[in-house]
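Trainee: Take a look at the following structure, please.
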Amino acid sequence: MGKRFTEYSQFDLSQVNKDVLKKWDENQVFAKSMTERDGCPSFVFFEGPPSANGMPGIHHVMARTIKDIFCRYKTMKGYQVKRKAGWDTHGLPVELSVEKALGITKEDIGKKISVADYNAACRKDVMKYTKEWEDLTHQMGYWVDMKHPYITYDNRYIETLWWLLKQLHKKGLLYKGYTIQPYSPAAGTGLSSHELNQPGCYRDVKDTTAVAQFKMKNPKPEMAEWGTPYFLAWTTTPWTLPSNTALCVGPKIDYVAVQTYNAYTGEPITVVLAKALLNTHFNSKAADLKLEDYKAGDKLVPFKVVAEYKGADLIGMEYEQLIPWVKPVEVSEDGTWKVSGKGFRVIPGDYVTTEDGTGIVHIAPTFGADDANVARAAGIPSLFMINKKGETRPMVDLTGKFYMLDELDENFVKECVDVDKYKEYQGAWVKNAYNPVFMVDGKYDEKAAQAAESLDVALCMMMKANNQAFKIEKHIHNYPHCWRTDKPVLYYPLDSWFIRSTACKERMMELNKTINWKPESTGTGRFGKWLENLNDWNLSRSRYWGTPLPIWRTEDGTSEICIESVEELYNEIEKSVAAGFMKSNPYKDKGFVPGEYTEGNYDKIDLHRPYVDDIILVSEDGQPMKRESDLIDVWFDSGAMPYAQIHYPFENKNILDNREVYPADFIAEGVDQTRGWFFTLHAIATMVFDSVSYKAVISNGLVLDKNGNKMSKRLNNAVDPFTTIEKYGSDPLRWYMITNSSPWDNLKFDIDGIEEVRRKFFGTLYNTYSFFALYANVDGFEYKEADVPMAERPEIDRWILSVLNTLIKEVDTCYNEYEPTKAGRLISDFVNDNLSNWYVRLNRKRFWGGEFTQDKLSAYQTLYTCLETVAKLMAPISPFYADRLYTDLTTATGRDNVVSIHLAEFPKYQEEMIDKELEARMQMAQDVTSMVLALRRKVNIKVRQPLQCIMIPVADEEQKAHIEAVKALIMNEVNVKDIKFVDGAAGVLVKKVKCDFKKLGPKFGKQMKAVAAAVAEMSQEAIAELEKNGKYALNLDGAEAVIEAADVEIFSEDIPGWLVANEGKLTVALEVTVTEELRREGIARELVNRIQNIRKSSGFEITDKIKITISKNTQTDDAVNEYNTYICNQVLGTSLDLADEVKDGTELNFDDFSLFVNVIKD
């Protein structure tokens, strides 16, 4: 009879990976997993689109494993799970990569390279690493349809985006505004608030800060009695001081006037600042010093508070312009301008605090949203420049430097600019990070930039010399950085299009409460708080490669149209041609057919720049309309994927409207997407469809190195996923990542952990299968017989099947509740603790030799069922080895007629097979065994050495009954002759209690000493009560003090000849005295083990009979003679002889002697 169950000579999960992939590919298993579920309920999954212009990393394995787990699980549960891959192809990552490759900057586009050629380069670059992404996806076993992905640059995808924008436009949720926005000079575009709130965007930076002195024009009398009067205002961005036009105070805040000296110049001054911050800027030790005694250079600068005010008392006071390079101007609607006289005064602001600074805020309306708002409310002008085009611009240009004089309007320069003062600073970069001199070979030299003198330092030195700086110091503060360039952002006035997301904020919050967030805290915390503080969505991007904003406007802005489809644009172009604004319709010229939604038809056109920029439309009153030049936020692209991936509403309208493919039942991405993709999905769904976009979401944590550091090429701590999979296979990697910590926790990735998983879990499971296959093939077991009825199976079989069904129930619940870590750990514990280390170990003899009895059949059927079920339970997490194991089992038995485990049904638990009382009894056996084996290890007594007795104090009859039922099993496992039960209070074992001061200290405080003394004096009866009830009331001189079992450590004292262990309510004592009789039996057992090892290393078949010869030795001869028959029976020996000399024998070394054994086949 041939072998039916495959047996392996080695365990190679990397090869398993390759073999199973080949099988999947040849049998189109992924496609079948969907087609065979036609007509079944749908489980809707959305794939967040990665960008293929960057290599995939180990963190992508984590995110994709999580997605794959639940898609596979739901498929096995009978759902049809379609999963379409996608590519995020627009935006800054692509553009910056292309700029670097071409050696250009944004300013070169349209000059050194045409927009068409530049965008063609972007289109090519964005798919650069597609093959690597496809390879990793394939190798790691992530099933997603990469043959038909959605691609965000596709014209049909863009058309859906236009349709969505039109819906927002119709609802009045799309508007244009000139407001202060986060702006990235390095990227050359504005940023949305959700981009600015990506993890890592806000960083602690060490900058030069200044408390500037603003000289008063009309001081109150008491302010002018000592030196020159100043307002003090603190800033972390001294480069904005030349743009200052106001100071802001809190009307209800208390302020003080302080007579003192400038520490740098020694000049007498009177300064005004918040009373609460007085001690921040003045040394209290100097409060009693006389002003007249001060000498320039003294470390202690005297000060004297001479008056107090409310902020409201200061409003309206005027001061001199701090850095009078440029005069502020007022600009009328027709573009004419005049010098303004309304600036440089104190204004109110409710947002002013006394947490830091001086309680007076320096206002530069062109560089701060709050600044702009309070200035506008108070009629304060912004400090603008007028360029040669007549446009009003901040003092800093879009590249991050002060405007050059020759870029400005000549009349403006003549009337408003102090050329002598300003020319020294024209062209100065406000932050060294923007200066191209610090870009070396396309990389930012951050160290060099930080080492060089900054504009902040230069301005502070200038102010210091002019008696305008009260204090200059380095300060660490949190500052936003661009999510793609890693360089600081500015807050800058921009003409931008916005989505009025704040209008739907309440509804977004309401719908968010219906989403199942894993973890829940992300939904209520990070995401929920984000929604509570929502800002309008800055949609505009001043770039080239992206989805064009589909809005055309007249020059005066009186008419506009938002285009929702290519067909509408086609028809509007026809009107424009008729009006004479366009010579012909480019879409008609290229043969585009409106309403025909084929790929070939849409490939005839291109909806990107520069082609849409060339289209001029006509307004209803006959004026030309040009497209607003902006692109839209790339995050809108990805947030629209539920609709755009199916070209909604132009195609597939019914299946989305009927909610067949929407909303998603489940999505998953990294925690960095909480305010990215998760938000944009939710925002668009709420604003357009009044719906959630997803019902459940897992936001997985970061994958860090083993020391908790972020992985990066620079730190040389990044892990290559390809080499890792090649070495270990995907399964150990996936299992390690999922079971090491919950997906939403950060993972400290340690490559050694993969090897541990491979050995401990997969190795154990492989060995268990190998054991089964070996003996099943010997006995010809093929599972053709009817199942042995449960009632007729031995208790140990009924126990493991009960535990197995409990496992099915618990694992199914875990998967269903998106708790993969719990599921994996449950499976691992079952395989290691229950199946391998307990069931198989206890039942080996049932599989060895002998007749094919019902008992042996029950053992085979039970172990087979366990292996097949474990394979199915683990399949979502470790799809490769699960499939291999399942195939090896079912090919031999023919029990499941499916080509892959991933087409099989997920196991269903059978309640009638679960016996909790039996599980409790066996758990007791396992617990006692574990404790006794630990005691053996403590004194280095091997399990093969029999011992006389275990003594167990029992708390009650139920505990005693549980142990009695498994008494023989325990005795056999720990190799003792007897188990004795004693009354827990019989005094045989003495228990003690030790306080945990960290827990009890906070509870009892000053009473702790008395509590500790009372605990030390607790009687055995009191300790028993504490163990039984979990708490005990101590008597402290008539007062009651209740301690809990968790607050103390209960332990047992060893007694002579015995070792004692205690865990919870269970205590065991092991007699460790080895008598001569026990020693002989131990030697016999040890010889059995050594001879079995010789059989194995000699390559004998398990059925081969042997002859044994052992060299004589006074230490072992008695044992060999006494246990001759026992030894032979155990090792299939036909004879066992003692000899004075054994030639060609194997040397066996014992603790203090050695002997030789010869084993030959009979």
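A Cβ is built for glycine as well, from the same backbone N, Cα and C atoms used for every other residue.
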Trainee: According to Swiss-Prot, which listed range is motif ''HIGH' region': 50-60, 215-225, 391-401?
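Mentor: Here Swiss-Prot associates motif ''HIGH' region' with the stretch 50-60.
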Trainee: Under Swiss-Prot, which of the candidate ranges 710-714, 1075-1079, 1110-1114 is annotated motif ''KMSKS' region'?
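Mentor: Of the candidate stretches, Swiss-Prot labels 710-714 as motif ''KMSKS' region'.
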Trainee: Quick check on the motif ''KMSKS' region' (710-714): DSSP residue counts for helix, strand, coil, in that order please.
Mentor: 0 helix, 1 strand, 4 coil
Trainee: Across the motif ''HIGH' region' (50-60), what does the mean pLDDT come to, as a whole number?
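Mentor: Within the motif ''HIGH' region' (50-60), the model's average pLDDT equals 88.
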Trainee: Would you count the other CB atoms within 10 A of the CB of Lys713 (ATP binding site), including those on all shown protein chains?
Mentor: 8
Trainee: Tally the residues of the motif ''HIGH' region' (50-60) by DSSP class, grouping H, G and I as helix, E and B as strand, and everything else as coil.
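Mentor: Tallied per class, the motif ''HIGH' region' (50-60) gives 3 helix, 0 strand, 8 coil.
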